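**Q** Pulled from TrEMBL, these are the listed features:
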type	residues	note
COMPBIAS	1-11	compositional bias 'Basic and acidic residues'
COMPBIAS	18-27	compositional bias 'Basic and acidic residues'
DOMAIN	35-128	domain 'CS'
DOMAIN	113-190	domain 'SGS'
REGION	1-27	region 'Disordered'
Amino acid sequence: MTEKHKLELEIKNQPPPKPKDAAEEEKSSLGGYTVKINNYGWDQSDKFIKIYISLNGVQKLPAENVQVNFTERSFDLLVKNLNGKNYTMTFNNLLKPISVEGSSRKIKTDMVLVMCRKKREEKWECLTQVEKESKEKEKAAYDTSDPSEGLMNLLKKMYAEGDDEMKRTINKAWVESREKQSKGDIPMDI
């Protein structure tokens, strides 16, 4: 009798079972794995920065499965349960502040459009602070008072980042140039 009483108390204290549909829906929205989105396009108007993310079939999802959280200098996108996968994209450190209240997202055919409302109507030269710093650093490497130094920096970068074929081509051009200089075909002060 005491065993029976213990079991009855245990059963009463357990949470009620979820209906099968709700349990399956929760599992499917969290199931699968998460894919980080790296490909996007962006554009701007006077008032908005627009980020275009292509995702096949996204228009078939319920609107609540596409969530965007905005802060003053960032946003993150989460698309739940699209073809059994979750998709995520995060932009931190936007170049300039955005209005959280004025920003939104739109679901289009095979695309999500994230619209970040600018706090000030001005042109952005790039999307993030990191991208701006990278461009400035690269530009500084080629902006020199001596034009041949800028060309050498460009060749060094091409050689460092190039594949084996690129390195062979640069080496061949360099050797041929040196041979012509030593024969006297090319003046040394070019």
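Using N, Cα and C of the backbone, Cβ positions are placed for all residues, glycine too.
All TrEMBL annotations are machine predictions without curation.
Show me how these features fit into the shown structure, please.
**A** With DSSP classes pooled into helix, strand and coil, the tally for the domain 'CS' (35-128) is 6 helix, 56 strand, 32 coil.
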**Q** Give the residue counts of the compositional bias 'Basic and acidic residues' (1-11) per reduced DSSP state, in the order helix, strand, coil.
**A** 10 helix, 0 strand, 1 coil
